[in-house]
Amino acid sequence: MSSSITRRRFHGNALGLTALAIAALRPGRSATAQVPAEVRGRFRLATTDGKVFTEADLLGRPSLVVFGFMSCPDVCPTTLMNLALLMKALGPKADALRVAFISVDPERDDPASLGKFVTSFDPRIIGLTGSPEAVRAAVVSYHALAEKIPQGDSYTMMHSTGLYLADKTGLVRDLLEPTDTTEALVAHITPWL
């Protein structure tokens, strides 16, 4: 078999696998089946005030983890707005939930700016960042996706958009659609509180 045919096959297979991975990571209405068994986030990142934050800091309470970046034009701000509406709708029960926004763009999302960004939606949302390697480890541990996509002289980020709902032990129990109605999110999350 010629090397050009082999290369085309390899690239075709790689593109097909990438498309499958992206499709599998896109959250849906019944996203529970999309969460591989025994997913537990494992990471060592920093809060926006420079304190070390690991998956252990989420234990003892249910948590929502979401990936995004500050220069995201629409999905990330919409997700954060929906999380703020969720926290408001939960009322006092919201204090039993930890919400973490992990920046997938540590090159541009400096801690101070990230802190202002996430807390502008709700002061209880925890902004997390770290080195590119630390962020990559967090992404991989959640079986998520984050990839830099060149865009002219700059770049954007392609990333998983689901809300990773973990129980008090850190086990991811559901992958929720961030654009679901507030009522639907409350219904999914309340049993875990």
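Cβ from N, Cα, C; glycine included.
Going by what TrEMBL states, the Cu cation site holds Cys72, Cys76, and the candidate of His143, His159 recorded there is His159. For the binding-site residues given as Cys72, Cys76, the lowest number of other CB atoms within 10 Å of the residue's CB is seen at Cys72.
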